[in-house]
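Annotated features in TrEMBL:
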- 31-50: transmembrane segment (TRANSMEM)
- 56-72: transmembrane segment (TRANSMEM)
- 79-96: transmembrane segment (TRANSMEM)
- 102-124: transmembrane segment (TRANSMEM)
- 136-158: transmembrane segment (TRANSMEM)
- 185-204: transmembrane segment (TRANSMEM)
- 216-235: transmembrane segment (TRANSMEM)
- 241-259: transmembrane segment (TRANSMEM)
- 264-285: transmembrane segment (TRANSMEM)
Amino acid sequence: MVMDFFSNTVSVFQRDPGFLLINSIFKSSDFSFELLIFCIAFFSVTLKVYSIQKMSPIPILSFLVYFSYIFLLQEMTTIRAGLAASIFLFSIPFLIKRRTIFYIFLIGLAATLHYSALLFLLFLLMKNENEKPNFYIFLIILSLLMSVLGTTVDFIFFRLAELNIDPRIDYYALEFENGLDKVNIYNTTWMSNLLLSLILLLNFEKMKKISGYASHIIRIHAISVILFFSFSGYPVMAFRLAELVGAIGILAWPFLIFVGKNRLFMLILFLAACLNFFFSTLRIMDDYSISLFGY
């Protein structure tokens, strides 16, 4: 009975029930698949725009970060992950206010679209106050060292592949074993995110005075960096996980402006980062022949 329950649960999540439900509604109404994709992307963008306006210290800069690469990666390619990430961003105020039941409900909803969103439940362990940034700095440095030394924790995904939880995990594992999973882990996008995370953590108390959301935004951004380098031995999954959580970068990057006294210089660095994100994303999409509006 237990095994049947487990098998049925796995079977449901293999098919992304939320996406299938929405798809079936559209099919029964004789709407096209293209319209379905457009509606999902539109809803995802709407939630991100709302989150930016509510939580960003400088909304216009958040929009620049968003359209420089996250929009291309999520709303125009991996739209299920994009909507799941949007729901997470929308849920952050509920996380901060400790409205736990509603937060869990939203994350559960996101998980029906992209089960990796269950990772967001771990953020319930974060403290609202008096949590020092040194722990996150240590984990970032440790994850980077693990990546360099080749001692990452990607073995977890090979265990998941053995459980046949999702055929996509099996596919990624097969690619890895066949040497097809070659990605530049130390790319400029994620090295920039690593540097930003360290800078913001080193200026943690100052950033907290700028926004009531800063503490959670900065720590969640740090976790996205930690995830990326911790699982870098399995590059595709490192990108999948980190980019899902990494949508927080939309809200994190504008804090860079408040780090130094010379705001103009910091703005130039910020704009340079956005240009790097944009062209790096276009190059990745071209190298891997990623089509727009994938799912």
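Just so it is clear, glycine is given a Cβ too, placed from its N, Cα and C backbone atoms.
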Best-contacting stretch, by C-beta pairs under 8 Å, relative to the transmembrane segment (56-72) and drawn from 31-50, 216-235, 241-259: 241-259
Region pair the transmembrane segment (216-235) / the transmembrane segment (79-96), three or more CB pairs under 8 Å: yes
Highest-contact recorded stretch vs the transmembrane segment (264-285), from 31-50, 79-96, 185-204, CB pairs under 8 Å: 185-204
Spatial neighbours of the transmembrane segment (102-124) far in sequence, C-beta under 8 Å, 6+ residues away: 13, 16-19, 21, 80-81, 83-85, 87-88, 90-91, 94-95, 166, 216, 220, 223, 240-241, 244-245
